[in-house]
Amino acid sequence: MMQASRSDEIYATVISFTLSILGIITNGVAIVVIASTKHMQNAFGHACLSQAVGDLGVLIIFATWVPAKLILSPESSPGFMENERFGYTIGQVTILFYYAAIYTHVLIGLNRYIAIAKPFSYATYFNDRKTKNWIVLIWTASFIQSCVYQFDGCHYYFDRSLLLFVSSEALCGQIISLYYEFYINLVFVIFTVILDILTFFKLKKLAKPMQGTEQANRKRKSQEIRYFVQSVCSETVLVLTFVCFWCVATHAKTPFFNFLFNIGAWLAMHATDGFIMIAFNYHIFNRLRSKATKKNSLPMMAIGMPTPKKRMNSNQNLALNAQTYWLQLYEKNKSKPKKVEIQQQHA
């Protein structure tokens, strides 16, 4: 394939930076909402938080490292950016965050299946402690998997001439590219799709009995359905990204179109994950807004209520003082004429 032109590098920089910043905003908001809301302090919320952190990590790298590599020439860039080992480490960190997000997708799919298909077993597999253990296991496995990319000939790094992250041309790099990346990702995607299909049919079975249940149960079921639809939307975007990456991008004739259907597709997926989390939990913003309104209104009531009372008391005191004053003045004037008459008689 031909090398990227300067205009291709500029377009790729703009796309990479724009999509990354958009994704950082959506995932950042999602993290804040999930972390600050009691409604999401459950197994599903913990898994969504893990996924958002993974997405955010990838997006930060593509908002900083990739634009810097494309804009700066080797002569003008700082020395550490041209250090091969540092570039390999950036690739390793990208893999760490990427696989943490992908494996969390699978965890969310399992969470929805157990919650809907086997609700009585849900607490056994997805109580608070076990869910956190699952997440720790995911991040540990992702880190161990990413360490392989530090071995000689197994590296994963950004190639400026191709506008892509690529694996080393050595045998180790090619084996990792095929088995580590393609087959493992394919297995997880197929597994997640099968889980979603099974969950959907189970949900369809439970739909009719749900009509006669109590309001509390219906509310819980509607919440589980919303979580499931959120999971399906996120996984649909993931499947479409895989199609772009493994099918469409392989037919690209130029580096820019290869970048567009490769890195562009992945960045769009990571950004969309955050948007989906926000879109399906928009009601949380209403709760946060109402809480903020209550907090702001309570002090005003506490300060404002006693004021009329104080004013009323002071007005009453003034009225009483005035009444006393006029009574005293009246008594004084009443007795004064008698003294005058006596004085006139003596004169």
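Each Cβ is built from the backbone N, Cα and C atoms, and glycine gets one as well.
What TrEMBL says about this one:
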type: TRANSMEM; residues: 12-35; note: transmembrane segment
type: DOMAIN; residues: 26-246; note: domain 'G-protein coupled receptors family 1 profile'
type: TRANSMEM; residues: 47-66; note: transmembrane segment
type: TRANSMEM; residues: 86-113; note: transmembrane segment
type: TRANSMEM; residues: 134-158; note: transmembrane segment
type: TRANSMEM; residues: 178-201; note: transmembrane segment
type: TRANSMEM; residues: 227-251; note: transmembrane segment
type: TRANSMEM; residues: 263-285; note: transmembrane segment
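Three or more CB pairs closer than 8 A are found between the transmembrane segment (12-35) and the transmembrane segment (263-285), so contact between the two stretches is assigned (pairs 6 or more residues apart).
Note on the transmembrane segment (263-285): residues 12, 15-16, 19-20, 22-23, 25-30, 33-34, 37, 39-40, 48, 51-52, 55-56, 58-59, 62, 66, 101, 163-165, 226-227, 229-230, 233-234, 237-238, 240-241, 244-245, 249 of its chain, located 6 or more positions outside it, place their CB under 8 angstroms from a CB of the stretch. Per-residue pLDDT, averaged across the domain 'G-protein coupled receptors family 1 profile' (26-246), gives 90.
Using a Cβ-Cβ cut-off under 8 Å and counting only residues 6 or more beyond its ends in the same chain, the transmembrane segment (134-158) has close neighbours at 46-47, 50, 65-66, 69, 84, 87-97, 99-100, 103-104, 107, 164-168, 170-173, 176, 180. Among residues of the same chain six or more beyond the transmembrane segment (178-201), those with a C-beta under 8 A of the stretch's C-beta atoms are 102-103, 105-106, 109-110, 112-113, 116-117, 145, 148, 167, 228, 231-232, 235, 238-239, 242, 246.
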